[in-house]
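Feature annotations, courtesy of Swiss-Prot:
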REGION    1-24  region 'Disordered'
TRANSIT   1-47  transit peptide
REGION    46-72  region 'Disordered'
DOMAIN    82-194  domain 'Rieske'
BINDING   C124, H126, C144, H147  [2Fe-2S] cluster binding site
Amino acid sequence: MPVMAPTASLLLSPRPLPASRRVPSLPALSASGRLRLRRARADTRLRVAAPPSVPGEADQAPGETEPSTSSADEKFVWRDHWYPVSLVEDLDPSVPTPFQLLNRDLVIWKDPKSGEWVALDDRCPHRLAPLSEGRIDETGCLQCSYHGWSFDGSGACTRIPQAAPEGPEAKAVRSPKACAIKFPTLVSQGLLFVWPDENGWEKATATKPPMLPKEFEDPAFSTVTIQRDLYYGYDTLMENVSDPSHIEFAHHKVTGRRDRARPLPFKMESSGAWGYSGSNSGNPRISATFVAPCYALNKIEIDTKLPIFGDQKWVIWICSFNIPMAPGKTRSIVCSARNFFQFSMPGKAWWQLVPRWYEHWTSNLVYDGDMIVLQGQEKIFLSASKESSADINQQYTKITFTPTQADRFVLAFRAWLRKFGNSQPDWFGNPSQEVLPSTVLSKREMLDRYEQHTLKCSSCKGAYNAFQTLQKVFMGATVAFCATAGIPADVQFRLLLAAAALVSAAVAYAFYTLQKNFVFVDYVHAEID
């Protein structure tokens, strides 16, 4: 079986979660590999960033809790959970970062005074300009770029440049109306989590987010993480990651092969408002768990025999967070681990035999393999929903034909969304009239790696900029060699300069060609033999 890259395709679980425990919600891992992960996990305390006025922290050791069975009339409260918004290593602490969560605009920034990541409502209380367009000022506060109002890590206003130094205007800076709305945040395992209810500090402090399995700390496992913003809905992505059977076809010659398709007799083991779990038997064995609202775990165990090493048990973990940003827009954060085909080395990221950005090339191929298929599927679902004036989840089994056990997890997710999730996330605002991206974006826009991933990935953005610089360096060298090739009287020296010009031109072109992997790669299934 091929090496599994972090993908929005396949997800599996450590073991079926017992039906007597309630699952919490906690962040995922940092991406450069197990070394950084172990450092991130060294501090096992989960600390919630201080609330707007009174500091609060949850000093609880991270761990799993088991789900409880749920009655059919129990409803899932979307806003009472931790949501990961980014891998911490892909956030730039020197600038504010915009993010959407449940259709609410947030600004993420790092308070240099406390060292904490802060999430505020992305609107200045003055005239509602987006704070994400601002900057971190000289005092370490977030400054609005429109009129210069500044806010500290608690959301309190610290400066109004237009206010008179005395009198009523001087008091405005201390007014509650001048404060920005702050949300609970938590960092663990290299992920930044946000609690989307500004009034939920007490509940957030008492709630733990779901953990990655212990194998992510094991030196015997090699790990990779990636995040990418996808222009289709949360339900479309969750259906996709709940479906192992599509791997062999949608990701042919990437992480699967068409000739390996076979029956997948999955069986459900537990379900409720918390999510569900299930598995199959045989080789490979796939275990899957969905922990609502957005955490999916898949574990693949493969018994194999190698000529030199003998019997081996290969284990692959693919843990996915599928974050509902807005209707028709979802962030996928995937953490994968494997105990075979390891290419990581002790030391820093630049020292790795296979750098993170190169791993992301394969991972993005997986995303691309799903992208246009899911765009078309979502369009058809939306059309069917409009024709019948009924929600897709209410009529899913009527408009689809799912006769095999391979679709068990897909049906389980759709059933969960219908029974407990009110058929869609609890969006802020009134998004029903918004045009969904999948209905209007072109193929080129849907497969835009630069906007969806490179700009949001520290590794790929750095490599892309480096490739551009190296391309220019070798182009300059080509010009220099060409300009001087005719000067020497020695023919051999002229030939040497001409050869150097050809080599540098070829290297410059190679760097130019490689840059497409950070920007756009067309994906045509029919052209893959």
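Yeah, the Cβs are placed from backbone N, Cα and C, and that goes for glycine too.
Source: prediction; values computed, not measured.
Taking the domain 'Rieske' (82-194) as a whole, pLDDT averages 97 in the prediction. The binding-site residues in question are H126, H147, and the one with the fewest Cβ neighbours inside 10 Å is H147. Each of the binding-site residues C124, C144 was scored by other CB atoms within 10 A of its CB, and the lowest score goes to C144. The [2Fe-2S] cluster site, placed at the center of the C-beta atoms of C124, H126, C144, H147, has further neighbours from the same chain whose C-beta lies within 8 angstroms: P125, R127, A129, L131, Y146, G148, W149.
Taken through DSSP, the domain 'Rieske' (82-194) splits into 16 helix, 41 strand, 56 coil.
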